[in-house]
């Protein structure tokens with residue numbers, strides 16, 4: 001989540017020889033005018049992998065001269081939350097695990113009070129914890145939720161290996177339930193990834209077919225709900241959805257044409273999505289893999305909270321404003337957070353009286369395929385327009401355009417990997433006849 005400049009600094013530090021380390025640090029301090037007179041805090045947390053304990057000790061040894069806070073076992077998003085709390089002098093929340101649990105559970109309970117006649121079946125959710133840290137922390141949080149969400153937790157870390165035959169990636173790639181989870185028709189299910197910063201939903205339909213609801217569907221549900229509440233509250237606040245080139249075309253069209261939501265596209269990677277979302281009153285971003293969150297500008301949050309306190313506001317506007325305020329409190333704006341996102345989704349579905357099947361049928365994904373092509377040098381390919389258009393080599397984009405024109409609602413792009421000599425290929429259309437194989441041959 002750091003800016004590109006600081007990624008460069010990290011590279012300099014990692015590659016510095018021991019005797020040159022202090023010199024590199026001093027150069028960075030001078031470049032960014034960092035004052036050593038200010039109090040510095042370093043926040044450390046770890047997951048459940050066996051290597052984490054020794055690595056944590058090494059980190060603490062390195063930062064002990066600056067003052068560190070070791071939170072022990074936490075999810076990645078919980079650590080981000082702690083940092084945000086401290087950087088806002090606790091205005092965002094209390095920088096403890098209990099503070100995290102209390103803030104989110106209170107907001108969730110406030111929201112679900114507005115859901116009429118919820119049955120135990122409607123409160124039930126099957127959760128795959130990926131045998132990771134998220135499972136441990138969700139178990140800790142259950143008591144705070146006061147049975148407003150009844151979690152059946154699978155792959156909870158008591159046995160099994162991290163992400164082995166479970167977790168968000170496994171479910172998304174293999175299009176089937178994780179090991180050990182038995183889904184009844186229409187039962188809501190979700191999977192975390194190993195460090196609990198990603199989430200995907202899924203269910204079996206009445207015919208027993210597996211149905212996946214990825215980050216595009218999550219972004220659609222959240223942005224749709226926020227826009228409707230803002231309209232009810234009479235607030236002129238812009239909601240925008242930030243996507244990458246991998247967002248399904250059906251999701252983009254639904255948001256633009258049906259919901260009339262602003263949609264923008266940025267380069268692949270959460271850091272690009274997060275920074276782009278900051279440009280809007282309310283920025284919703286989710287990658288297809290389920291990593292994402294919602295960002296509220298200071299002005300948007302101020303308007304919402306002022307309306308809650310406004311004595312002359314009518315009941316409908318005040319109710320909508322209260323729901324928006326609780327949603328702000330429930331969302332972890334520091335980074336994508338599987339636990340927070342899960343609670344937001346469950347609350348919005350409950351308020352809307354919407355089943356997972358109803359959510360799934362908002363739009364139908366276009367058939368799509370992704371491939372990886374090994375190449376001798378990935379840097380030969382250069383792209384623009386948020387990686388959707390090839391600039392170099394000459395002729396490649398023309399060849400893609402010629403192929404795409406043969407099909408309806410078709411779209412395709414190729415982009416080089418950021419880390420290895422492969423090129424990623426994506427294609428979608430209203431028919432599966434648009435084959436990635438043809439694009440693969442073009443790239444080759």
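Note: Cβ is positioned from N, Cα and C throughout, glycine not excepted.
Quick look at what TrEMBL lists:
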- 37-87: domain 'Alpha-D-phosphohexomutase alpha/beta/alpha' (DOMAIN)
- 93-200: domain 'Phosphoacetylglucosamine mutase AMG1' (DOMAIN)
- 193, 195, 197: Mg(2+) binding site (BINDING)
- 214-352: domain 'Phosphoacetylglucosamine mutase AMG1' (DOMAIN)
- 287, 288, 289, 415, 416, 417, 418, 419, 424: substrate binding site (BINDING)
- 372-433: domain 'Alpha-D-phosphohexomutase C-terminal' (DOMAIN)
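Sequence features annotated in TrEMBL and their locations in the structure.
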| residue | record | CB count, 10 Å |
| --- | --- | --- |
| 193 | Mg(2+) binding site | 29 |
| 195 | Mg(2+) binding site | 24 |
| 197 | Mg(2+) binding site | 27 |
| 287 | substrate binding site | 23 |
| 289 | substrate binding site | 19 |
| 416 | substrate binding site | 20 |
| 418 | substrate binding site | 10 |
| 424 | substrate binding site | 20 |
Quick tally over 93-200, 214-352, 372-433 of CB pairs under 8 Å to the domain 'Alpha-D-phosphohexomutase alpha/beta/alpha' (37-87) gives the top stretch as 93-200
As a whole number of Å, the Cα atom of residue 416 (substrate binding site) is distant from the Cα atom of residue 193 (Mg(2+) binding site) by 25
The binding-site residues listed are 287, 289, 418, 424; by CA-CA distance, the one closest to residue 193 (Mg(2+) binding site) is 289
Candidates 287, 418, 424 (binding-site residues); nearest Cα to residue 197 (Mg(2+) binding site) turns out to be 287
Its residues classified by DSSP, the domain 'Alpha-D-phosphohexomutase C-terminal' (372-433) shows 12 helix, 23 strand, 27 coil
Counting only residues outside 193, 195, 197 in the same chain, those with C-beta within 8 angstroms of the Mg(2+) site's C-beta centroid are 75, 76, 77, 132, 134, 168, 192, 194, 196, 198, 291, 336, 338
Taking every pair from 287, 288, 289, 415, 416, 417, 418, 419, 424 (the record's substrate binders), the biggest C-alpha distance in Å rounds to 20
Rounded to a whole number of Å, the separation of the Cα atoms of residue 195 (Mg(2+) binding site) and residue 289 (substrate binding site) comes to 14
Restricted to the domain 'Phosphoacetylglucosamine mutase AMG1' (93-200), the mean pLDDT of the model is 93
